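Below: the structure, in structure tokens.
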Amino acid sequence: MAFPLHVLLLLFLSIPFSESESNLSFKYYKKSCPDFEKIVSETITTKQMSNPATAAGTLRLFFHDCMVEGCDASVLIASNSFNTAERDADVNLSLSGDGYEVVVKAKTTLELTCPNVVSCADILAVATRDLVTMVGGPFYKVLLGRKDGLVSKASRVEGNLPRTNMSMNQMINLFASKGFSVQEMVALTGGHTIGFSHCVEFSDRLYSYSKKQATDPEINSKFAAGLRSMCANYTTDKTMSAFNDVFTPGKFDNMYFKNLPRGLGLLASDNALVKDPRTRPFVELYATNQTAFFQDFSRAMQRLSIHEIKTARNGEVRNRCDQFNSIQT
């Protein structure tokens, strides 16, 4: 069932917030940095136009940040001799440089306009929303006032992000541990409608599915043949990749869900969504009703964006997004 946008907003505003969430506001920078959203918008527009992969890269970066101890820009921290940061955890090594770059560019401009005011966490949240909208996705309101985290450790990443080889039980339990329902999990996974995945993430479905069959029989045969050819050298070239949505890879729409019943899901976790009875009804809904997908995705992203946020008591506004204001050990 689809709900009007104003109803969704009322529902969102009725969510009980923790003390840290109650410090957020849609107009947090109205006085302290009135051009904040304009500067972010101009930055992401320029970057997306020059590199169309920016939207997908930034969306994934935001998701990886929020799922590991909250939306606090800890994934942006660079490692040093004292600390191996989140971005160097193995699951984060494939994160796109475009996502990092667009946040850094916006932060540089904002520091010249209103220094020491806007957090990197807020920049990432708004940049993600604006990029999703720019490539055809829904617009949703983003609460502001997050602070940047004071901790970023690669050792804390494992177990907080979904893996492509996880069972559906593991996926559901992981999202449930973060407070998300099965429907919200499916809606968020719809972000795969843009961007690409590296061949190594689905190579087992192409070359070593089982002792009897090299290729997963649930992959569309022509699609599988094309992927096998495209990914032939994936063991020597780790950058080889394929679009998550073969038809409209640069457009945020519901084509990802339409593709799944056709055997055009790239990852094993994608294919599992249309097979499991707990998730299949939502795949079918979103495949036939893009409005419902957009509304549920927006609501899930709003919830994700306030997950375990940091405030002044346990965070800071970084001068640079890739390093803490003081040396951390």
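Note: Cβ is positioned from N, Cα and C throughout, glycine not excepted.
The number of other CB atoms found within 10 A of the CB of HIS64 (active site, proton acceptor), across every protein chain shown, is 22. Per TrEMBL, active site, proton acceptor is recorded for HIS64.
For PRO162, the entry in TrEMBL reads substrate binding site. Of all Cβ atoms in the shown protein chains, 18 besides its own fall within 10 Å of the Cβ of PRO162 (substrate binding site).
According to TrEMBL, the Ca(2+) 2 binding site annotation covers THR193, ASP245, THR248, ASP253. Within 10 Å of the C-beta atom of ASP245 (Ca(2+) 2 binding site) sit 24 other C-beta atoms, taking all shown protein chains into account.
The disulfide bond feature in TrEMBL is assigned to CYS33-CYS114 (among others). Taking a C-beta cut-off of under 8 Å and a sequence gap of six or more, CYS33 (disulfide bond) has these contacts in its own chain: LEU110, THR113, CYS114, VAL117, VAL118.
What TrEMBL records for CYS66-CYS71 (among others) is disulfide bond. Around CYS66 (disulfide bond), the same-chain residues at least 6 positions away in sequence with a Cβ under 8 Å from its Cβ are LEU304, SER305, HIS307, GLU308.
Cβ-based neighbour count (10 Å, all protein chains) for CYS120 (disulfide bond) stands at 30. As annotated by TrEMBL, disulfide bond applies to CYS120-CYS321 (among others).
Annotation source TrEMBL lists disulfide bond at CYS199-CYS231 (among others). Taking the Cβ of CYS199 (disulfide bond) as reference, residues of its chain lying under 8 Å away and at least six apart in sequence are, in sequence order, LEU227, MET230, CYS231, TYR234, MET240, SER241, ALA242.
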Check: same-chain CB within 8 A of Ca(2+) 2 site center, minus THR193, ASP245, THR248, ASP253: ILE194, PHE247, PRO249, LYS251, PHE252, ASN254, MET255, TYR256
Sparsest Cβ surroundings (other CB atoms within 10 Å) among the disulfide-bonded residues CYS71, CYS114, CYS231: CYS114
Minimum Cα separation from CYS120 (disulfide bond), reported as the residue among recorded positions HIS64, PRO162, THR193, ASP245, ASP253 that achieves it: HIS64
Spatially closest candidate among HIS64, PRO162, ASP245, THR248, the listed recorded positions, to CYS321 (disulfide bond) (Cα to Cα): HIS64
Among THR193, THR248, the one of these binding-site residues whose Cβ has the fewest neighbouring Cβ atoms within 10 Å: THR248
